[in-house]
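S.K.: As annotated in TrEMBL:
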TRANSMEM  6-23  transmembrane segment
DOMAIN    27-210  domain 'CAAX prenyl protease 1 N-terminal'
TRANSMEM  61-87  transmembrane segment
TRANSMEM  152-174  transmembrane segment
TRANSMEM  181-203  transmembrane segment
DOMAIN    213-418  domain 'Peptidase M48'
TRANSMEM  295-315  transmembrane segment
ACT_SITE  366  active site, proton donor
């Protein structure tokens, strides 16, 4: 008797749903606490705390509904063999338009087109509610309905433009890869990731946002001086118009080798009136670069990608695996989808491990910025970002450990203060 892979996958999905819902309930209880954590008393205003609490609770209620609908749909799709049914319907559609249903690339592209339409239909109500109800209610949403649907249309067009050649290449590699399939797939994805990291900020991101050089002035001079002191090869310094969509703030850097760029959200500049706070945030980001966190993360992703492809090559010819999910053929894309479902337990463990490493990196980057003399400014900047973004002030430790890639503000401030005590 063949092993019931599909039933095992659905069972684990439901088990994880109950576990994560339990964590969500713990976090929800923490969010309902009527007072600030002691560490933040006198640091965060009561007004900001009340706003943060209301915003976080709204998002929490929304998350309960969203996750319930998601597990319901995902389980039903697998349990009632919707995937193999839709794969066959995709082949029938090809016949109607005069194409060869035996051509796996055509069948896969037709299948993905249908999946994209389905995902847009099921996700759109949640996206609209999140953006135009929750985010708008708490003063974050700045985009119009026209801008929302324009971005959605652009995203779909990019998927139509970029998806077919990438999917076709993967299918051909799997069909022709032979014993070195895992290496070929990894090499292709490695090159693709480099190409996308190069092209995205130059060609794709400007389709959605406007990037302008940071004007001459004290802020620019301070950031350039900091970059020069760390030998960071800063080539361009941009401001992105994040305020056209949201009042949330952020900053990031990108680029290869000697061609690095830093991007500041205009909302970050508006919210942090003190230039030192912004420079401290940049010092933190540069700490990730100086301490090689970006390189380590990239290497970790490449290793995990290779291991996943290696695992896929071991099971891709398993007739029992495909039959368990309702397929009497073994399409490449379906094999990848099924494999991703079967390794969900490992993915959860890996994700948890990566979060632990990421949190350690955040503490190290904070310590790096503090060592440069930005301790007080970083502390003030973190508090300002927490306030302006209405981030959760109270967090459940179990929920935080499982979900957060960045430590909660309470822990980061405690680490900065602990460093001060040791220095004294």
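From the backbone N, Cα and C atoms, a Cβ is placed for every residue, glycine too.
Give me the lay of the land around each of these features.
M.R.: Summed and averaged per residue, pLDDT over the domain 'CAAX prenyl protease 1 N-terminal' (27-210) gives 92.
Sequence-remote contacts of a segment are chain residues at least 6 beyond its ends whose Cβ falls under 8 Å from one of its Cβ atoms, and for the transmembrane segment (152-174) they are 104-105, 108-109, 112, 116, 120, 181, 184-185, 188, 192, 204, 207-208, 316, 332-333, 335-336.
Sequence-distant contacts of the transmembrane segment (295-315) (same chain, at least 6 residues past either end, Cβ-Cβ under 8 Å): 177, 181-183, 185-186, 189-190, 321, 335-336, 339, 342-343, 350, 354, 357-358, 361.
Long-range Cβ contacts of residue 366 (active site, proton donor) within its own chain (separation 6+, distance under 8 Å): 284, 287, 378, 412, 415, 416.
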S.K.: Which residues of the same chain, at least 6 past either end of the transmembrane segment (61-87), have a Cβ under 8 Å from a Cβ in it?
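M.R.: Answer is 6, 9-10, 13-14, 17, 20-21, 24, 28, 107, 111, 114-115, 122, 126, 129-130, 134, 325-328, 331, 334, 337, 341.
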